[in-house]
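Worksheet for the structure shown next.
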Protein chains: 2
Amino acid sequence: METLNNINKERLFHTLSKSSEIGAIPGKGLKRLALSDEDKEMRDIFKGWCQEAGLTLRVDDFGNMYGRREGKKALPPVVLGSHLDTQPEGGRFDGILGVLLALEVVNTLNDHNMETDRPVEIVNFTNEEGARFEPPMLGSGGVAGVFDQEYVYSRKDREGHSFLEEMQRIGYKGEEENRLGDFHSFLELHIEQGPVLEEENKQIGIVEGIQGISWMGVTITGEADHAGPTPMHLRKDALMAAAEIMHNMEKKIANTEVTVTVGKISASPDTVNCVPGEVYFTVDIRSTDDQLREGAVEQARALISEVCHERQVDVETAELWETEKIDFGKGIIDAIEKSVETLGYSSRRMVSGAGHDAKYINNIGPTAMIFLPSVNGKSHVPSELTLDEDIISGANVLYQTVLALAEE
Amino acid sequence: METLNNINKERLFHTLSKSSEIGAIPGKGLKRLALSDEDKEMRDIFKGWCQEAGLTLRVDDFGNMYGRREGKKALPPVVLGSHLDTQPEGGRFDGILGVLLALEVVNTLNDHNMETDRPVEIVNFTNEEGARFEPPMLGSGGVAGVFDQEYVYSRKDREGHSFLEEMQRIGYKGEEENRLGDFHSFLELHIEQGPVLEEENKQIGIVEGIQGISWMGVTITGEADHAGPTPMHLRKDALMAAAEIMHNMEKKIANTEVTVTVGKISASPDTVNCVPGEVYFTVDIRSTDDQLREGAVEQARALISEVCHERQVDVETAELWETEKIDFGKGIIDAIEKSVETLGYSSRRMVSGAGHDAKYINNIGPTAMIFLPSVNGKSHVPSELTLDEDIISGANVLYQTVLALAEE
């Protein structure tokens, strides 16, 4: 390993600052939903950067973009990247750092005329957030065989536009033959999105795996009534049923090892003086222990049934998404740790609470992640922040780890 | 009183059936929001019917429409009517019956060449529902002096269109001098919107007054966080705070004399994997006893403060609307009761749980209401239904009562 700390900070912060303009919203946030006009604009810029770096660009049938730098040998590549899309009121860092720092790594290889044994590929996966098209990680899930093409293509946003239509509209429908092929290792750098690294004053998180996640959609159908003349005991109020369920999920099911989140809710007819006849809400349950998570899902189902039965309202629960806890590749975790030690950064091993593209890519080859601290643990908000010095540390760790893996 | 049961059923059901086409939605419902294109279409048809009936039409500065039939003497008129607008997923009857049965009354007077001592005016009030422009009853509240013109004109719908703009756009901005003048009595026929008449098998409700109503808007501001990496104890989840409040309002504040309804709710950022940082919901509290209602509002405020303080989230409550319990005019109530007895219908006296135009008109002259049964107590839903036989009974009671009042 002949170079340390050789990334070009000026170039790195230029790309990050340019990205922060595309889809900017008040409070320094971004709204860059997957396959939107803003996503297209960012993709076009990223494509230009890849071309300037001399990478061979290809786009697959899920809109995933790959930039390849050849190696000395015809070996499977080292792959690194993440996603450039954001939540509707998201931040500037999230998965974006993972893509732009990957770009910085190949630019640094170029700066030093480094020839690696293995090719290096950088990647931008489509619709990681799941904010526009549910479920999340459709691009990485597609190439990993978790979702088939028809399923991914038919996902619809709230306005009824499909993934396929929107991918074609912005001109990023590529070929199936361009999908991620055999690879030596996949590395995803990402912000932590939680408070742990900051609290413990660590520069780098070495991520050993990802929590299991279960998503449910719950539709309660009671009876819409005028708020005035309908006595309480004759009501079938869908929202009061939902309130009882939400409150008891928080009190009785969530704990230090299991999180429960109701992120979306809507009531119909949604006027001040009508008892809501229908309510829809989502439930997100996570744990690093699959048995605890599955137990919590069972408890939630039982609670929902019990409350709705007692109140004589109808209920339907749909399983929207489920992934088990996963363990990353030991060899890559060790390689990250070795780079961190070489560079003299503080670090800790940890399990991610959030889903990431690395989760699905881990299904098809050795994978691990690098986390950078999130100020106040915040993410998916405009105030999301990772400090410049931590970004530089992350870029160096990524560069050193790629150098090591590319010679294996 | 020389005629009984003389209304023309065929004509009456023709007007009702025509009205049921304007803004029709699936399930036999109507979406005819105040000052919308559908409202304009219905107003144009109603105007034509008034002209066919030989009425002198005028429109005031709130878009309220009046059709006048002169009397033998220059005395203050007997006025009857209600509103032609509906909820977004409303029914075909609601206030519509009150306007169309008023039209049928003047047509029946014409059929029999009846000359009344007093003039008879029929009226369609603007934006009774409050579904498009809040608060409700803007047209009747305007003429009654409850709201001033500037306030009414500046009310905005969810898209930001103002009452004034929309009234001008559909061509129904009239003159201030056309407002309802001195009147002898105001009669509003309406569906009950509750289960009482049907349960007790009564044909006619003689309405002595209206419950007091308080509306609040509650905005809870916590912190938006990623659902995965944020432990439960570090969250400031605005929706879980709202759920605790809603559930406890139902358990501890609502009772047989006080209703509590949360009709509207929204969460932000509203994605499956984000802890909601902000929630808005409305609270509607009603009682026939003003002291109980005011006590319940105080309890609700205290509960909201307590829960939000404990959870360290910010909260703002806004008083959106409040009206005290009101008592209708004894003379008109007695006149309705006498007509019901003459016609041999079953009836009961009752207090309305819902607000109506009659509530505000009662401020400026003697007023009362006639209720007709609602099948299953339903209203503000497409399945809202009042049976043909009950509509005919209602028309006859209205006709007999107008005949009596117009000779006083």
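Cβ coordinates come from backbone N, Cα and C, glycine included.
TrEMBL labels come from automatic prediction, so no person has curated them.
Other Cβ atoms within 10 Å of the Cβ of A:ASP94 (Zn(2+) 1 binding site), summed over all protein chains shown, number 28. The annotation Zn(2+) 1 binding site is assigned in TrEMBL to A:HIS83, A:ASP94, A:HIS190.
Secondary structure at A:ASP94 (Zn(2+) 1 binding site), as computed by DSSP, is coil. Residues annotated as Zn(2+) 2 binding site in TrEMBL: A:ASP94, A:GLU129, A:HIS380.
Note on the domain 'Peptidase M20 dimerisation' (A:210-310): mean pLDDT across this stretch is 95. As annotated by TrEMBL, domain 'Peptidase M20 dimerisation' applies to A:210-310.
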Notebook entry, point to check: Should A:HIS83 (Zn(2+) 1 binding site) be counted as helix, strand, or coil on the basis of DSSP?
Noted result: strand
Note to self: Please give me the CB contact count at 10 A for A:HIS190 (Zn(2+) 1 binding site), counting all chains in the structure.
What the structure shows: 30
Checklist line | Of A:HIS83, A:ASP94, A:HIS190, A:HIS380, chain B-adjacent binding-site residues (C-beta under 8 angstroms) | finding: A:HIS380
Next item on the list: Tell me whether A:HIS380 (Zn(2+) 2 binding site) sits in a helix, a strand or coil according to DSSP.
Entry: coil
Margin query: Give me the long-range Cβ neighbours of A:GLU129 (Zn(2+) 2 binding site): same chain, 6+ apart, Cβ under 8 Å, in sequence order.
Written below: A:LEU33, A:ALA34, A:HIS83, A:ASP85, A:THR86, A:GLN87, A:GLY90, A:PRO136
Item checked: Chain-mates of A:HIS83, A:ASP94, A:HIS190 with C-beta within 8 Å of site centroid, Zn(2+) 1 -> A:SER82, A:PHE93, A:GLY95, A:ILE96, A:LEU97, A:GLY98, A:VAL99, A:GLU128, A:GLU188, A:ILE191, A:HIS356, A:ASP357
Notebook entry, point to check: Between A:ASP94 (Zn(2+) 1 binding site) and A:HIS380 (Zn(2+) 2 binding site), what is the CA-CA distance rounded to a whole number of Å?
Noted result: 8
Check: Taking the Cβ of A:HIS83 (Zn(2+) 1 binding site) as the centre, how many other Cβ atoms fall within a 10 Å radius?
Finding: 28
Next item on the list: Across all the protein chains here, work out how many other Cβ atoms are within 10 Å of the Cβ of A:HIS380 (Zn(2+) 2 binding site).
Entry: 28
